[in-house]
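Features as listed in TrEMBL:
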{"type": "DOMAIN", "residues": "14-260", "note": "domain 'SMP-30/Gluconolactonase/LRE-like region'"}
{"type": "BINDING", "residues": "E15, N151, D201", "note": "divalent metal cation binding site"}
{"type": "BINDING", "residues": "N100, D118", "note": "substrate binding site"}
{"type": "ACT_SITE", "residues": "D201", "note": "active site, proton donor/acceptor"}
Amino acid sequence: MSVTVAIAEPGQHTEGPHWDHRTNTLLYVDLLDPCVCRWDPVTGERDKLKIDRSPGCVVPRESGGVVVAAGTKFASLDFRTRQLTTLAEVNHDKPTNIFNDGKCDAAGRFWSGTMGKDSAFGKFEFGAGSLFCLHPDRSVTKAFGGVSISNGLAWSPDSTVMYYIDSLLFSVDAFDYDLSTGTPTKRRKVFTFDPATSVPDGMTIDTDGNLWIALLNSGQVVQVDPNTGTQLRAVKFPTDRVTSCCFGGPNLGVLYVTSTRVNMSPDQTLQQPLSGCVFQVTGLGAKGRPGMYYRG
């Protein structure tokens, strides 16, 4: 196993990595330097597109381009024309909320959740957020509210279970999932973390159904079997501030991991200068599943 830097230019708060297997590029966002990035690991070229609101995540769109959850809006983004077009808006009662992490299910619905504006940066507004779903017809439904920091999402290989993280609950929760309607039910905890040492952030799933969870402040990504509730292994990084992860590369065997330098003191930044970079892990012996596209 090897941990190396994939993208050496550090961002402020890189998040939401998503492998686009159609173009063999890595998509990700920076919440604080509000932009959406597309990086080609073969050429090393990165297209950085600044936007006018804080993006929480990005997914490719089946019809072309990408869709972002940014501010309180779902919006399409065209890298060629550089145009951002609103598809739907949420949290009308809480206009200062912002979207955070998100993904698409196997039916092409785009799921993303919100949080209080400053929650990612240390000033928590408990229970201010909600988990939303943007359907292919561009209608939006709210799954539930009372969310503090909406974060990682994943589905089991057969799409019958949805996994979800609200970071301030310090757990991974599971739901029974009806793919035909996009309805999660029967919420329960499948893994819990020690609040004193680990804040669960973004996550992904491998072909064996094991979860890979980025732990903010502890500088590691852990592999967890959600069926037994056991941690299988941990991968350490040269920064304490990892934020999310996804599998990518030609065979979906590379784990890409984003990180942040938010709230780091000058001394911490000197000690961990790679904070904010995007890392890659090879030789894990695990593979991911192709990321889903938004079908609207």
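From the backbone N, Cα and C atoms, a Cβ is placed for every residue, glycine too.
Features as recorded by TrEMBL, highlighted on the structure.
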{"residue": "E15", "record": "divalent metal cation binding site", "Cβ contacts under 8 Å, 6 or more apart": "Y28, V29, D30, L31, G56, C57, N100, D101, G202, T243, S244, T258, T260"}
{"residue": "D118", "record": "substrate binding site", "Cβ contacts under 8 Å, 6 or more apart": "F124, E125"}
{"residue": "N151", "record": "divalent metal cation binding site", "Cβ contacts under 8 Å, 6 or more apart": "N100, D101, G113, I165, D166, S167, P200, D201, G202, M203"}
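A mean pLDDT of 95 is what the model gives for the domain 'SMP-30/Gluconolactonase/LRE-like region' (14-260). Sitting within 8 Å of the Cβ centre of E15, N151, D201, and not among those site residues for divalent metal cation, are the Cβ atoms of G16, N100, D101, I149, G152, I165, S167, G202, A214, L216, T243, S244.
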